[in-house]
Amino acid sequence: MGLAVLFGIFGLGLFCGMPVAFALGLAAVGGFLYEGLPLFIGFQRILSGVSVFSLLAIPFFIFAGELMMQGGIANRLVRLASSAVGSVRGGLGVVNVLSSMLFGGISGSAVADTSALGSILIPVMKDKGYDPDYAVNVTVTSSVAGIVIPPSHNMILYAVAAGGMSVSKLFIAGIVPGILMCLCLALVAYWVAVRRGYPAETFPGFKALGVATIVALPGLMTAVIIVGGVLSGVMTVTESGAFGAIWAILVTTLVYRELTWPAFKLAVITSVRTTALVMLLVATASAFSYLLALYRVPDLLGNFVAGISDNPLIILLMINLILLVLGMIMDMAALILICTPIFLPVAVGLGMDPVQFGVILMMNLGLGLCTPPVGACLFVGCVVGKIRIEQAVKSILPFYLAILVALMLVTYVPAFSMFLPSLME
Amino acid sequence: MSPMRAAHHSSGKTDVEHELEHTARGPVYRVLAALAQTCLVIAGVQLVTLISIFGWLVWGRYVLNDTPTWVEQLALLLVVWITFLGAAAGVWNKSHLSIDFIREMMPDPLRIPMRWIAVIAVCVFGGFLAWQGWTLAEKTWPRNIPMLGIAEGWRAVPMAICGALTVVFSLYHVGELARGEYKLTGEL
Amino acid sequence: AEWRGWAIHPEDYPNTVAMQSFADQVAEVTEGRITPTVYANGILGSQPDAIEQVRSGALAWANFNMGPMGEIVPATNVLSLPFIFRDVEQMHHAMDGDVGQQFSDALSEAGIVALSWFDSGSRSFYNTKKPIHTPADVEGLKFRVMNNDLYVQMVDQLGGNATPMAYGEVYQSLQTGVIDGAENNYPSYESSNHYEVAKYYSITNHLILPECLCVAESVWEGVSDEDKAAIKEAAMDAAQLQRQLWAEREAKSLEVVEAAGSMVNEVEDPAAFQAAMEPIYANFISAHPDLESLIKDIQATE
Ligand code: NA
Ligand code: NA
């Protein structure tokens with residue numbers, strides 16, 4: 001009955017278009033009142049939900065990504081990718097994927113990736129004769145790679161929700177699956193481009209490629225700073241996020257000289273907004289999950305899923321399906337916080353490593369970011385590409401399939417995610 | 001989502017048109033918009049502070065071998081402030097993530113009450129945030145945040161502020177609904 | 001009535017096992033009038049949050065470490081003074097007697113009824129560089145400490161660099177060299193896998209923090225005198241069980257870490273470490289003159 005109150009308020013709130021974070025909070029309030037528990041405990045949970053050390057990396061990485069966008073790092077990365085593979089037929093599609101791999105790897109945010117690369121690449125693609133729906137499809141689906149390729153603030157959320165696992169291990173585990181995903185997407189992008197008869201760019205020559213590389217180098221160094229700073233023992237993963245931001249400020253003001261005062265202010269304010277949206281979700285979700293824990297929901301659901309079949313392959317497929325469906329209707333951060341305590345124990349019970357499960361969760365929910373009805377990346381992509389959602393979705397299926405293939409490979413072949421982290425030991 | 005916002009904005013109007021619209025909306029609108037903007041600016045300063053003190057932390061530990069012991073706790077406090085001030089501005093700008101396509105597909109007799117419910121529910125939760133934020137601040141005031149030596153209650157203060165602003169902002173949205181001027185997206 | 005209980009450790013941990021045995025015994029002796037349940041792994045919140053929940057009666061009972069209790073019940077900070085107890089045995093004597101009663105009284109002013117005292121062993125330093133024999137060996141090393149000014153002062157007094165850090169970041173920080181060491185008891189040194197990356201464990205026994213098995217005062221008031229006596233007895237039994245399981249766990253952990261190549265050493269002159277703490281005691285007493293007699297009582301305990 002208490003659960004009915006909790007999910008009833010939450011569902012009704014969502015249905016009426018209430019912000020997800022507020023619906024979670026109000027549902028928790030209802031639950032506390034129904035249980036006769038002191039209300040302040042729910043709000044205490046909201047506060048402690050945000051006061052978590054590892055979550056500090058979220059504003060850091062968001063800010064770093066925003067600075068790279070405003071300060072001209074992002075478009076140099078695009079130029080580099082374009083000189084490298086632009087000469088392939090449908091090359092701009094492949095460039096788009098490759099840029100996501102580079103930029104998403106650094107920014108850690110799929111939505112930032114979509115809006116940054118989308119606003120640079122989609123107009124260029126349309127200009128060169130690519131259909132708008134194709135341009136949007138490629139941009140949106142490849143941006144999901146940024147969630148899996150480190151750094152990724154969603155992975156940090158997962159590490160917290162999983163009860164504190166090694167973030168660096170998770171990050172490293174995401175590298176191969178992220179590249180795998182980009183590979184699948186690049187193949188599809190190439191295939192569709194050939195079928196539609198899109199043009200190729202001319203190869204600018206090795207000299208131009210070299211120049212593009214050198215110009216992009218200080219930007220690429222951000223990744224080196226982050227990884228190198230951690231491996232050399234100068235700083236922790238969390239601290240490296242702050243240094244990524246500091247480095248981005250230095251590069252964009254001193255080297256590129258593109259980060260003007262208004263651009264800097266815009267980067268700060270945008271980062272504050274994005275941070276607040278994500279963190280408020282974390283906050284109210286922790287009041288919500290207090291009640292889930294009190295009602296022992298994770299145990300119940302875990303037993304339910306495990307009761308459907310005792311075949312690990314089928315259970316994993318079930319979990320993938322549930323996550324995919326949830327990912328279509330809900331936002332990623334909230335889902336990570338709600339689903340991790342429910343499904344992680346089931347996966348671990350099947351002998352899966354929590355790190356591998358984390359990667360699977362990211363890929364699943366990432367796909368949800370580009371599916372209607374609720375897909376932040378899809379929305380942003382359509383806004384940037386100036387097309388309607390139906391128009392984009394009409395031709396997006398092959399791209400979903402590419403991600404699904406990568407997802408299945410990572411689900412059933414642990415080596416894709418676990419080989420690199422196993423080298424750490 | 002902020003990037004969506006940015007995209008909206010770029011397709012928008014000239015500054016003069018913005019200015020005219022603000023004037024047309026009257027003094028209440030301008031005061032509230034200024035409040036939301038103030039929240040963002042304060043939170044922005046806090047974000048820059050957050051980055052800077054982490055620079056100091058690494059410098060102190062790695063170079064001076066004398067770790068500033070207050071950084072971690074101050075950072076946790078700052079991030080709470082950034083979250084709640086930013087969240088309050090998010091209410092004003094209607095930028096919190098929500099699923100409104102179901103509602104917007106509905107026929108008028110359903111859609112209009114659903115909009116009312118959504119806006120009022122946000123207002124109600126804002127009221128709880130303000131009340132409980134205040135209660136928590138009072139309750140934890142006698143206790144200090146370790147390593148900082150300031151009252152634990154400072155952590156709950158931004159929640160109370162966010163709650164109060166949420167109430168005020170969503171009351172304005174109620175007014176918009178009543179006048180039939182409600183828009184799905186706010187302005188920057 | 002259901003009594004919801006808070007535990008920070010996993011289900012198989014000595015404390016949690018003892019709590020479950022307390023729960024079973026209470027349900028039995030009260031013939032089901034009171035049925036305590038255990039929510040393990042800290043799923044209902046961090047310790048400071050759980051303390052507030054017990055004080056408000058939302059949680060009926062819990063097992064709290066006295067370290068983080070200091071911000072809420074200042075008297076318990078005495079237990080965080082480095083080297084306040086000579087050894088674990090003395091801590092048991094003190095807490096089971098008059099000293100324990102003084103802490104119970106202080107806790108009950110905050111709405112927490114302490115029924116019995118658990119053990120969390122004694123904490124010592126471990127690091128990645130070298131065995132620590134004298135205070136001079138600590139000089140210049142970065143040690144992670146918990147967020148309490150007394151622990152920071154302790155490392156500072158020994159000439160080290162006290163570095164507060166989230167527990168989850170410690171393993172990697174030891175591995176990459178962000179910090180040189182940390183401090184904890186054997187079971188945590190083992191279960192956190194820190195022994196894999198920091199192999200010098202030097203027995204300083206600088207912190208011996210008791211834990212309480214406690215009930216919310218608002219809940220306790222509603223219990224009949226007869227049940228109170230039976231519950232109290234169950235709590236004492238649980239404490240006996242916990243201490244025994246804890247000792248076994250410590251022995252097992254020590255075995256594991258030594259088998260994995262950890263170098264465990266006794267310090268040469270414990271008195272030298274204690275002597276370095278004098279300024280901390282002086283500061284503490286001048287800030288809390290009312291607690292001086294409590295400190296004297298502990299030191300006077302056999
Ligand atoms: Na990334
Ligand atoms: Na989605």
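Every residue, even glycine, has its Cβ placed from backbone N, Cα and C.
This prediction places the mean pLDDT of the domain 'TRAP C4-dicarboxylate transport system permease DctM subunit' (A:8-416) at 83. Positions annotated as domain 'TRAP C4-dicarboxylate transport system permease DctM subunit' by TrEMBL: A:8-416.
Within the chain, the transmembrane segment (A:43-65) has long-range Cβ neighbours (under 8 A, six or more residues past its boundaries) at 25, 28, 106-109, 112, 116, 151-153, 156-157, 159-160, 164, 167, 222, 237-238, 241-242, 244-245, 247-248, 267-268, 271, 274-275, 278-279, 282-287, 290. Positions annotated as transmembrane segment by TrEMBL: A:43-65 (among others).
According to TrEMBL, the transmembrane segment annotation covers A:170-194 (among others).
The annotation transmembrane segment is assigned in TrEMBL to A:206-231 (among others). Here the transmembrane segment (A:206-231) has long-range neighbours at 64, 68, 73-74, 76-77, 79-80, 82-84, 102, 105-106, 151, 168, 237, 239-241, 243-244, 247-248, 251, 255-256, meaning same-chain residues at least 6 beyond its ends whose C-beta is under 8 angstroms from one of its own.
As annotated by TrEMBL, transmembrane segment applies to A:237-256 (among others). Within the chain, the transmembrane segment (A:237-256) has long-range Cβ neighbours (under 8 A, six or more residues past its boundaries) at 53-54, 56-57, 60-61, 63-64, 67-68, 70-73, 76, 106, 151, 167-168, 171, 218-219, 221-222, 225-227, 229-230, 264.
What TrEMBL lists as transmembrane segment is A:276-295 (among others). Within the same chain, residues 2-3, 6, 10, 20-22, 24-25, 27-28, 31-32, 35, 41-43, 45-50, 52, 55, 58-59, 62, 153, 157, 331, 333-334, 337-338, 341 sit at least 6 positions outside the transmembrane segment (A:276-295) and bring their C-beta atoms closer than 8 Å to a C-beta of that stretch.
The annotation transmembrane segment is assigned in TrEMBL to A:301-326 (among others).
Outside the transmembrane segment (A:333-352) by six or more residues, the chain places 20-21, 24, 154, 157-158, 161-162, 278, 281-282, 285-286, 288-289, 292-293, 297-299, 301-302, 305-306, 312, 315-316, 319, 322-323, 326-327, 360-361, 365, 368, 414 with a CB less than 8 A from a CB of the stretch. What TrEMBL records for A:333-352 (among others) is transmembrane segment.
Here the transmembrane segment (A:358-384) has long-range neighbours at 110-111, 114-115, 118-119, 122, 136, 139-141, 143-145, 147-148, 152, 154-155, 158-159, 162, 165, 170, 173-174, 177, 181, 320, 323-324, 326-332, 335-336, 339-340, 343, 347, 391-393, 396, 399-400, 403-404, 406-407, 410-411, 417, meaning same-chain residues at least 6 beyond its ends whose C-beta is under 8 angstroms from one of its own. Taken from TrEMBL, the feature transmembrane segment applies to A:358-384 (among others).
Using a Cβ-Cβ cut-off under 8 Å and counting only residues 6 or more beyond its ends in the same chain, the transmembrane segment (A:396-420) has close neighbours at 133, 137-138, 140-141, 144, 172-177, 180-181, 183-185, 187-189, 191-192, 313, 316-317, 320, 352-353, 355-356, 359-360, 363-364, 366-367, 370-371. Positions annotated as transmembrane segment by TrEMBL: A:396-420 (among others).
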